[in-house]
Amino acid sequence: MFCFRSPTEEFADGYPSDETWHGYINNNDRVLLKTIRYTSPTSAGAECIDPDCTWVEQWVHRAGPREKIYFKPEEVKAAIVTCGGLCPGLNDVIRQIVITLEIYGVKKIVGIPFGYRGFSDEDLSEMPLSRQVVQNVHLSGGSLLGVSRGGPSVSNIVDRMEEGGINMLFVLGGNGTHAGANAIHNEVCRKRRLKVAVVGVPKTIDNDILLMDKTFGFDTAVEEAQRAINSAYIEAHSAYRGVGIVKLMGRSSGFIAMHASLASGQIDICLIPEVPFNLHGPHGVLRHLKYLLETKGSAVICVAEGAGQDFLHKTNATDASGNIVLGDIGVHLQQQIKKYFKDMGSTADVKYIDPTYMIRACRANASDGILCTVLGQNAVHGAFAGYSGITVGICNTHYVYLPIPEVISYPRVVDPNSRMWHRCLTSTGQPDFI
């Protein structure tokens, strides 16, 4: 669980202000975690704890500024670190955290370069941050601070935090990064009993963080993927018996592929990790592709990078974050399609597009820009309220604080029985491939 501390005695009656303001969040405010009351386990997308679908209310803390704060702004040294891979909106969140900290009155704000590595690498030093430094940083993609995977031990990180006088740490990253943030929180708050706030901001284009409507960067990634899908459609539509294949990121979650397929309206087959499929056989993908070429003359396939891994040779290799290195399902599909039609004495003009890094290295769109701004503000509000070991997210359109362990217990994945997947199937018109 996360920690919550009471306001300091000096600010027991609230932080001094020139006038009474009614924009504060009460500490007892809560947001309902689940809003649909299912009556049957067979209902689309049902999440039931028993066969009767007993209704259980679950509430989470509402995010926002508190009237009473725990830290004295003049005593705060805040640090921001971005870990893992790139994601649209990183600079937007960095910018808003810095601006909000300055509004609170914080003078000492630094960035840790290149992820957790920046805590241990002697060649890397803290980057002083201010509104002047970050003013226009959101106009470009990437991360002002740089990113990396892996890093030093938790004890080494906390040692460096103590040495540097850091008492607020804002961690921007995905599941692995949040696991690190939670470990830092446990070392700082529970083991060493230091007055330090560790607050996460979930960053992943994969949208695979539990309990949240969406994570920042996801909308931009889906929008950027439209360019690749449209190019694949034009290539396929312009060729004789043309087939366009687009592989999109997502690891073990198919949210980008599903939403990009829905948004484009140009996809005939969408393949995601959560839904098994056969390539060969009477109900396989290749048989349906043959039907599409005979009836439509062309076809476009959108495949998530984690789909169909059972067809590929497993190496058991992992990256610096411990993630399994996936085989290239896009190349495999391309080869299998060419071989299938060649073996039957027919033809198919196959074009394969892999926009992998293009969809994450761009600037955040307007929707993500708003989300990043509010997440950045609420991360600072949460730290000043005295919370630690939390992450900030959007739940049922409301901004909330969630205990980090609750959102990283396992990756969020597409529910094959959900309405959204059913909508995708309706859009593509594809059958089951089993």
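For all residues, glycine too, the Cβ spot is worked out from N, Cα and C.
Curation does not apply to TrEMBL; its annotations are automatic.
Remember, predicted model here, so these are calculated numbers, not experimental data.
The feature active site, proton acceptor is assigned by TrEMBL to Asp206. Under the heading ATP binding site, TrEMBL lists Gly85, Arg149, Gly150, Gly174, Asn175, Gly176, Thr177. Sequence annotations record features per position, and here TrEMBL assigns Mg(2+) binding site to Asn175. The substrate binding site feature in TrEMBL is assigned to Thr204, Ile205, Asp206, Met249, Gly250, Arg251, Glu305, Tyr357, Met358, Ile359, Arg360. Marked as domain 'Phosphofructokinase' by TrEMBL: 78-381. The feature site 'Important for substrate specificity' is assigned by TrEMBL to Gly176.
Ranked by how many other Cβ atoms sit within 10 Å of their Cβ, the recorded positions Asp206, Glu305 place Glu305 at the bottom.
For Asn175 (ATP binding site), the Cβ neighbour count at a 10 Å cut-off comes to 23, with all displayed protein chains included. Comparing Gly85 (ATP binding site) with Thr204 (substrate binding site), their Cα atoms are 8 Å apart once rounded. If you take the CA of Gly250 (substrate binding site) and look 10 A around it, the recorded positions you hit from Arg149, Gly150, Gly174, Asn175, Thr177, Asp206 are Asp206. In the predicted structure, the domain 'Phosphofructokinase' (78-381) carries a mean pLDDT of 94. Considering only the binding-site residues Arg149, Gly174, Thr177, the residue whose Cα is spatially closest to the Cα of Glu305 (substrate binding site) is Gly174. Between the CA atoms of Thr204 (substrate binding site) and Gly150 (ATP binding site) there is a gap of 16 Å, rounded to the nearest whole number.
Counting other Cβ atoms within 10 Å of each Cβ, the binding-site residues Gly85, Gly150 show the lowest value at Gly150.
The binding residues for ATP are recorded as Gly85, Arg149, Gly150, Gly174, Asn175, Gly176, Thr177; their greatest pairwise CA distance is 13 Å. When the Cα atoms are compared, the residue listed as 'active site, proton acceptor' and Gly174 (ATP binding site) turn out to be 9 Å apart. Annotated pair Asn175 (ATP binding site) and Arg360 (substrate binding site), C-alpha to C-alpha distance, rounded: 17 Å. For the pair formed by Gly150 (ATP binding site) and Met358 (substrate binding site), distance between Cα atoms is given as 23 Å, rounded to the nearest Å. The most densely surrounded of the binding-site residues Gly174, Gly250 is Gly250 (count of other Cβ atoms within 10 A of its Cβ).
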